[in-house]
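J.: Attaching a single structure in structure tokens format; questions to follow.
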Amino acid sequence: MDDIKLAKVENVRMIDRYNTKNPTVGTLYLTATHLIFVEPDSNKETWILHMHIASIEKLPLSTTGSPLLIRCKTFLSVTFVIPKDSECHDVYTSLIKLFQPVSINKLYCFNYQPAKDDYPKNAGWDFFKLEAEFKHMLVPNDNWTLCSMNEKYELCDTYPRQIYVPKEATTLMLISSSRFRSKGRLPALTYLHNNKASICRCSQPLSGFSARCLEDEQMLEAIRKTNPNTDYMFVVDTRPRINAMANRAAGKGYENEAFYENIKFHFLGIENIHVQRASLQKVLEACEQKSPTMSAFLNALESSGWLKHIRSILDTSSFIANAVDKGVSVVVHCSDGWDRTAQVCSLAQLMLNPYYRTIKGFQALIEKDWLAFGHKFSERCGHIQTDAREVSPIFTQFLDCTWQLMSQRSESFEFNERFLLILHDHVHSCQFGTFVGNCEKDRLDLKLAERTFSLWGYMANHLNEYINPLYKPNIDESIKANLAPQCIKFWRGMYSRFESGIHPREPLGDLLLDSKEHCNSLEDHVQHLTKRIASFKNYISKSAKKLQDATTTTTTKASKETTTNEINDNKYNYDKKLSELSAADDDHPLKASNMSFANLSLNAEQASTQTLTEEISSVALDWKSMRNVTTCSCSTPFDQFSKKTHCWRCGEIFCERCIDKNVALPGHDSGKPVPVCRGCHRQMQKQSP
């Protein structure tokens, strides 16, 4: 590739801030997609995807070489000391061109090909349809209808083609309301609760100090009338009041309660994208302190304001969820309705509806409230070279808030922490086309469904890794966040996950999930063996009855034939008759080709030995303990963020690269594909006819 000036550098030192005195020495490789550091002594590899790089800094020369500091969007921070300054400069200039392309068409997803053909390119793109999600909420109905005016994105180009509005809303109301709202983002339904209370979302009105729009006022009144529970509704502006006042001076602003009847207006004070970006930067500085003390870390975390922002988002979401739960509809907006609005609308639904706390439901929630309603993923995540002021950790905060809820109510969520981390990393990786672009129209224009793979298709092949072993479905209809300051926690698993030496060897969730999977495997095997034993019993009783009938018949015939035949060979008669019976009996499980009374049990055993052996040996009864396994059989060392996976056939532990096959085991009754290692997969292919 033209951008790569130097593909390989020897004797590079990788500095770990917890072990600065003994840096690791290895080889640095630069490929078209990754930066790879290989430690020859331990055989450990550190892979850094170019798209994950947030910043590259060439530090001043030291006595040992030229340091290159790389910070990643996954919160990995690593320093490579390259012996020659010229080599360091070549690596630096190559990475500058590679980590943030100028054109969206240069993103990784347009060249990515899976190492194995586990799923087709179209897998996952049709998992979620907006119409199906609203049908799940029983929409359209008597109060809400599908508006076809945005079919070609003429009403609002950052909204989905299908938007749902009150049945009372006229064409004039929709067009006028769209023109009166910033970026044309008129009020539209995003969630309808089972008590008819709704959540609608929009952007700020272009009201300035005195402007008004009668049709927009009528639109909000039409939304209020869709809910017969109350005679008022809430309008929630998620911004601090001072920010909204500043926007009024620019001709924008917020709803005037004097013009909008039957509404109760609330400011709920979530800071803007610039404050959130600066706050995260301070969190990372707190995590990267050279020799952190308890007080220094806690003071730095406090001054970052990060946990205060997380609490503020949860507080606003709780206000919306509580209102809807009590039967009051809510209209939500921020400035343009694609950042704070997306956060709080989706979190409120997460609190209200247990469906969104399942793996499929959470993905559907992201598809609806983030992708379809136009969160600017490419700009907020800095996928391509853009205005740095547009980058902000809005989606990261949404995942953080979800994790806070999971920490408080773990039994209410089907998914685990790993699920959230995978989502976070792939939103930034651009390996899949799912999160590329800023709205639905962008994704259609780029033909992403035809040109790229879907993250949902990939995740469908790894669902067993994302299960929360403590999940209890249907335990609660709605959940509430505990907003006490001591209950809002720092998410070490996200922001400090690459720090070595301070983590337990295996997360408790992984150990629980592993135990649950082992139990599932054994129960599935027992189910299969129970059915096999039942079929044996059935066959033996059938065979015994047929043998008895055959013996009686043959004895009768033999006595008749004594008068005419000089030779009476009972064994011959038995064999002949049983052979006929065997040929006629097609339903028994162990049919032998040369059955006779004398060798019945022997032939049955021989016919079934191979099948039985395959079935019994295909399921590992004992699984190796995770505790003492430090390396995979391929010599890849396990660290605190690598997943250890058991092969369900042999019970050994492997890394993710060595256990990339899912197949159904003959000894399992369910026939469900389960993870097996490459060696077992090869053996099974040889055994199968």
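Including glycine, each Cβ sits where the backbone N, Cα and C put it.
Any TrEMBL annotation is an automated prediction that lacks curation.
Copied straight from TrEMBL:
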ACT_SITE  Cys334  active site, phosphocysteine intermediate
BINDING   Asn272, Ile273, Cys334, Ser335, Asp336, Gly337, Trp338, Asp339, Arg340  substrate binding site
DOMAIN    124-495  domain 'Myotubularin phosphatase'
DOMAIN    304-347  domain 'Tyrosine specific protein phosphatases'
DOMAIN    634-685  domain 'FYVE-type'
J.: Can you give me the average pLDDT across the domain 'Myotubularin phosphatase' (124-495), rounded to a whole number?
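T.: Taking every residue in the domain 'Myotubularin phosphatase' (124-495) and averaging pLDDT yields 94.
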J.: Counting only residues 6 or more past its boundaries, what in the same chain has a CB within less than 8 Å of a CB in the domain 'Tyrosine specific protein phosphatases' (304-347)?
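T.: Distant Cβ neighbours of the domain 'Tyrosine specific protein phosphatases' (304-347) are 158, 182-183, 185, 187, 190-191, 193, 195-204, 220, 223-224, 226-227, 229-230, 232-239, 243, 247, 252, 263, 266, 268-273, 275-276, 279-280, 282-283, 285-286, 356, 365-366, 369-370, 373-376, 380, 392, 394, 397-398, 400-402, 404-405, 478, 480-481, 483, 485, 488-490.
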J.: Could you name the residues, excluding Asn272, Ile273, Cys334, Ser335, Asp336, Gly337, Trp338, Asp339, Arg340, of the same chain that surround the substrate site, i.e. Cβ within 8 Å of the Cβ centre of those residues, in sequence order?
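T.: Here the non-site neighbours turn out to be Ser203, Thr238, Arg239, Thr341.
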J.: To the nearest whole angstrom, state the Cα distance for the pair Asn272 (substrate binding site) and Cys334 (active site, phosphocysteine intermediate).
T.: 9
J.: Within the domain 'Tyrosine specific protein phosphatases' (304-347), how many residues are helix, strand or coil going by DSSP?
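T.: Counting residues per DSSP class in the domain 'Tyrosine specific protein phosphatases' (304-347), I get 29 helix, 4 strand, 11 coil.
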J.: Count the Cβ atoms, other than its own, that fall within 10 Å of the Cβ of Arg340 (substrate binding site), considering every protein chain shown.
T.: 28
J.: Can you name the residues of this chain that are 6 or more positions from Cys334 (active site, phosphocysteine intermediate) yet have a C-beta less than 8 Å from its C-beta?
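T.: Cys334 (active site, phosphocysteine intermediate) has long-range Cβ partners Ser203, Gln204, Asp237, Thr238, Arg239, Ile270, Arg340, Thr341.
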J.: In sequence order, what residues of the same chain, 6+ apart, have a Cβ less than 8 Å from the Cβ of Asp336 (substrate binding site)?
T.: Ser182, Lys183, Arg185, Ser203, Gln204
J.: With Cβ-Cβ distance below 8 Å and at least 6 positions apart along the chain, what are the contacts of Trp338 (substrate binding site)? List them in sequence order.
T.: Thr158, Arg185, Ser203, Phe373, Gly374, His375, Lys376
J.: Taking the residues Asn272, Ile273, Cys334, Ser335, Asp336, Gly337, Trp338, Asp339, Arg340, which the record names as binding substrate, find the longest CA to CA distance and state it in Å to the nearest whole number.
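T.: The span, Cα to Cα at its widest, is 12 Å.
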J.: Per DSSP, what is the residue count of the domain 'FYVE-type' (634-685) in each of helix, strand and coil?
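T.: Residue counts in helix, strand and coil order: 8 helix, 11 strand, 33 coil.
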J.: Measure from the Cβ of Asn272 (substrate binding site) and count the other Cβ atoms within 10 Å, all protein chains considered.
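T.: Around Asn272 (substrate binding site), other Cβ atoms within 10 Å: 15.
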